[in-house]
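Student: One structure is given below, represented as structure tokens, and several questions about it will come after.
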Amino acid sequence: MHITELRIAGFKSFVDPQEVPVLPGLTGIVGPNGCGKSNLLEALRWAMGASSAKAMRGGEMDDLIFSGSQQRPARELAEVTLVLDNSKRTAPPEFNASDVLEIQRRLKRGAGSTYKLNGRTVRGKDIQLIFADASTGANSPSLVRQGQISELIGSKPQNRRRILEEAAGISGLNTRRHEAELKLRAAETNLERLSEVSAEVERQLESLKRQARKARKYKELSERISALEAFLAHLKWEAAREAKAQAEAELARCREAVEQSSRAAAVAETRRIEAGEGLQPLRDAEAVVSGKLGQARIDLARLETERKNAADLLARHESEARRLMDDIEREQAQKDEAAQALEEAKDNLAALPTEDPKANEELEAKAKVDLEAAREQLNDAQAAADDVAAKLASMKAERQAAEASAEAQRRRKASLEADANRLKQQLADMPDTAALQAKLAEAEKAEETAEMALHDAERAVDAAEATLAEAREAEAEAQGPKDEADQVVRTLESEIAALERLLKQASGPKAPPVIDRVRTRDGYEKAVAAALGDDLQASTQRDSSLYWAGSEIKTDALPAGAEPLHNFVEAPGELAARLSQCGVVSVEDGARLATGLKPGQRLVTTEGHLWRWDGFTRTPDAPVSAAERLAQQARLEAAQAEIGPARETLDEAAEALSAAKAQRAEAEDDLKEARKLVSPKASELNRARSATAETRQAFERADVKRESASEALARVESDLRGVEESLALVSIGGDDTELERLETIAIGAREALTRAREHETECRGRLADITRNREQAIARREGFQKDVERWTGRLANSEQRLQDLLKRRSEAAADAERARSKPEEMQGQIDTLAERVAQFEEERKRAADRLAEKESTTRESEQHARETANAAMEARESLAGAKVRLENAESRLEDAVETARTQFQRMPEGLMTLARAGIDEEELETLEVSEADRQLDFLRRDRDQLGGVNMEAEAEAEELAERLGTQASEKEDLIAAIAKLRDGVAALNDEGRARLLEAFERVNEHFKALFTTLFRGGEAELRLVDSDDPLDSGLEIMAQPPGKRLGTLSLMSGGEQALTATALIFAVFLSRPSPICVLDEVDAPLDDANVDRYCRLLDEMRRRTDTRFIVITHNPVTMSRMDRLFGVTMREKGVSKLVSVDLDAAEELVAAE
């Protein structure tokens, strides 16, 4: 069975459908690195059933689907198809009906993969068994991936045994053995579980038998209990009928008492209303006046706060104006200082002598002309002296009389020595130029340091000015929040003080009213005021003329839809009864629900509406002093809650302002200190520049003098050496007159040469002085010009800052002027408002007196009305109690009837029949209720002691017994199946062991021969190690290349290891040829010689086996041995394509890589 074609679509980088023919012989796959060649091998292994995504260089199976590129979107499907030639019918019987088998594996993103064989869906295990029986598969050693040779070399002997298993063809056998072992373990597990279940069922059967006995006893007790319960239920029914009759009689008596007391209460209430008709207008008038007084006091406190704030604002503006004036004076002083420095710099610049560039150029040109003339004279004198010296030397050479010449030379020598000593003394007496140079370097360094110090001081001034500006801005920014927080705190303090005075005056010296202890939810103040009204002024102290004593009477339920007012109020317990009878409703529901109010009940809204049970109605337009007082009290609490955070905000703002002021003062001090340092630094820089110029002039003069003296000394010493040479050569004889004449001429020539040299040196020094003076004058002028520019800039900056300060000073003065009139204006408003407050206080006092007189006259009528109302309330409570007792009696009677119907399924009259069914007639006649209750409790305890009772225990016990018999039969079947599976596993192990040993012998023989062929000598063998059982042993490779000792694979070189491992793989082929072999860059670690051996071995395998080889390579030698070549390209990034490759161009393709 051979693989004839590989089809790929959407797998990894092969996004487009590709077909790879798998033909006999050697098929080469070439292409640059990263183009997707190895993806062909992974597609082949994946189609054979590979289940590990990591083994195919992926994190998960979905990574095998094409993930998209810059031009191509990602795919949702990957598909690989293998076409197999089954003409010899070697496939498993269930798949052996066709000459061609198409095995297709399809992977859908997020949904897993499916296998199909000739279009029919099969299991992955079936596919794996097909390839395992054909000696190949996803993990077959015949599919050699990159690095697998290295893995084989470095693997343990136990892992190498898989090669022998492939050679023996027992991969499928191992799979079946593994499945049999799994089935055996599953069967043994099932047997254990079945035994445990059977034991559990037996225990359950014994338990059910005990439960059946308990159920019978439970049934007997229940029958007796039911009879006693029926007897007691009949007695309770009779007692409930009697109680109902008594309650109906009592209800009639209470109704008559209610009618009488209600008439008396109505009369008393009418008299109270008549007595207090003028009371409410007086109260309203007093409340109105109190409200106006409170508002006037609040307005007065607010105006006083605003006046204080205006005064503070005026003080701040004046302080700011004074501070700005100080800044203006300071800035003016700095401007004057800058102007003075600018004038000094201009004076220094003007004091410099006027430079005449033309005159300087003429002087410099004349000095250069004089220098050239002096150099020409020097050259002429040097030539004349050289000529005379030549003639003198010639004469001295010709003369025999050396005495006179020698004496002359000695005199010349003495003269020259004297000149040399004189020049040396001059050099010694001259100043040390090294010291002057060091002094000049120090002066230049001091100048640079002074200039840097001045720049640093100026930068420090600029930085200090910027910091001061930022600090002033920060102070101005911090002042606003502080003023706002101060305003808020003062306003709250004034409001709290005014509200406390109002509430204190309204309370008076008497006992504290209950209104001071009432706390309402936001928005419910008007509802509470409408419900309680002036009753809020009463106290809870019993020694007061008006007080709340509390009540424990039972209250009626409010109409449906009304929420009790006590849910929204925190009040003393004495108000509980009143609040429970006050309901909160909407305006729309109030009038509708008012008709259902019971005596004493009221309905209110959050807007202030009131509906009372007796028909009295009040709208929010009617003034209620309690509402205003509650609102004032709520505002007082809110203000007291707000003032704490407001004071904290004020403290934080004050701290921030204080910190900003401290930073501003610190910045001003820093700016003063920085400005103080600028002038001394500028003076130091001027002194350093002057010192540097003087030192440089002294150094240059001394250097010129020393250079001239050194040159003269060098010339003298040169002449002295010439004289000494002449003395050595001179001889006595010749014409003394001519010799003397030449000596005289030579002396004159040398003196002329000396004078010419001195003149040249003087001209050169004069030119240097002119050039140096001109450069120094230019440098001084540029320095003074820079000073003028710098001080001009500082003067302009000071002028700009001065203008800004003047502008801000003008604005601050205008603000102060505007703020100055506000306190005076507000004082008039305060005086007017104070007069109004006094007027309102007088009005409130008169209204309070009138109200007190009226209240005194109406108190007695109210007391009588309350007494009659209380009597009526007690009568109604008695009536309500009678109704409740009647309702309870009716409820008990209904419960007795309902019990008879639900528990005993009959009417109460038939309960005795049920009781007689479980109790003797004689016992019924003498049985008392207490005795019946005692027996019932005793029987119930006995029944409860039985615990849970399974009434179906007998039926369940029969079912378990039948189930136990079935499990016994299943247990026998499992024992027989386990024995059969154990025999099957043993047979598979014996067959695998025999086939493995046989394959070991074959592979070992082929390995020895192939090793000798590849290495052209040497020896090698395979050994089974680590176990006596071949199925558990490891495979060790022992090899001895030519000229080396026998050793394991790990002791060989890299190339030898690769060739040895290759020989082992091919030995497996010869032992049990695989239908396909893929070699992925196996020749990569081999050199050219070993590659040639590798290729010859491939040719040998092609001739000796029917295996179809696919060789992935980069080596030109390997390419040249292929029967055909295919190329993998990636012209489009991330997308692989398969193309046929010309054999002649294969090497060029690799070289181009």
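Cβ coordinates come from backbone N, Cα and C, glycine included.
According to TrEMBL:
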BINDING   Pro32, Asn33, Gly34, Cys35, Gly36, Lys37, Ser38, Asn39  ATP binding site
COILED    170-264  coiled coil
COILED    293-502  coiled coil
COILED    650-677  coiled coil
COILED    943-991  coiled coil
COMPBIAS  848-867  compositional bias 'Basic and acidic residues'
DOMAIN    3-1137  domain 'RecF/RecN/SMC N-terminal'
REGION    848-868  region 'Disordered'
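Can you tell me where each of these features sits in this structure?
Tutor: The Cβ of Cys35 (ATP binding site) lies under 8 Å from the Cβ of Ser13, Val1128, Thr1129, Met1130, Ser1136, each of which sits 6+ residues away along the same chain.
As a whole-number mean, the pLDDT of the coiled coil (170-264) in this prediction is 76.
Same-chain residues lying 6+ beyond the ends of the coiled coil (650-677) with a Cβ under 8 Å from its Cβ atoms: 330, 334, 457, 460-461, 463-465, 467-468, 470-472, 474-475, 477-479, 481-482, 484-486, 488-489.
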Student: Would you mind listing, in sequence order, the residues at least six apart from Gly34 (ATP binding site) in the same chain with a Cβ closer than 8 Å to its Cβ?
Tutor: Met1130
Student: Per 10 Å Cβ neighbour count, which of the binding-site residues Pro32, Gly36 ranks highest?
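Tutor: That would be Gly36, with the most Cβ atoms nearby.
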Student: For Asn39 (ATP binding site), write down the residues of its own chain that are at least 6 apart in sequence and whose Cβ falls under 8 Å from its Cβ; none is a fine answer.
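Tutor: Residues satisfying the criterion: Phe11, Lys12, Ser13, Phe14, Ser1136.
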Student: Of all the binding-site residues here, Asn33, Ser38, which one's CB has the most other CB atoms within 10 A?
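Tutor: Answer by Cβ density within 10 Å: Ser38.
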Student: Can you tell me how many other Cβ atoms are located within 10 Å of the Cβ belonging to Lys37 (ATP binding site)?
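Tutor: A count of 23.
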Student: Across the region 'Disordered' (848-868), what are the DSSP residue counts per state (helix, strand, coil)?
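Tutor: Each residue of the region 'Disordered' (848-868) counted once, the result is 21 helix, 0 strand, 0 coil.
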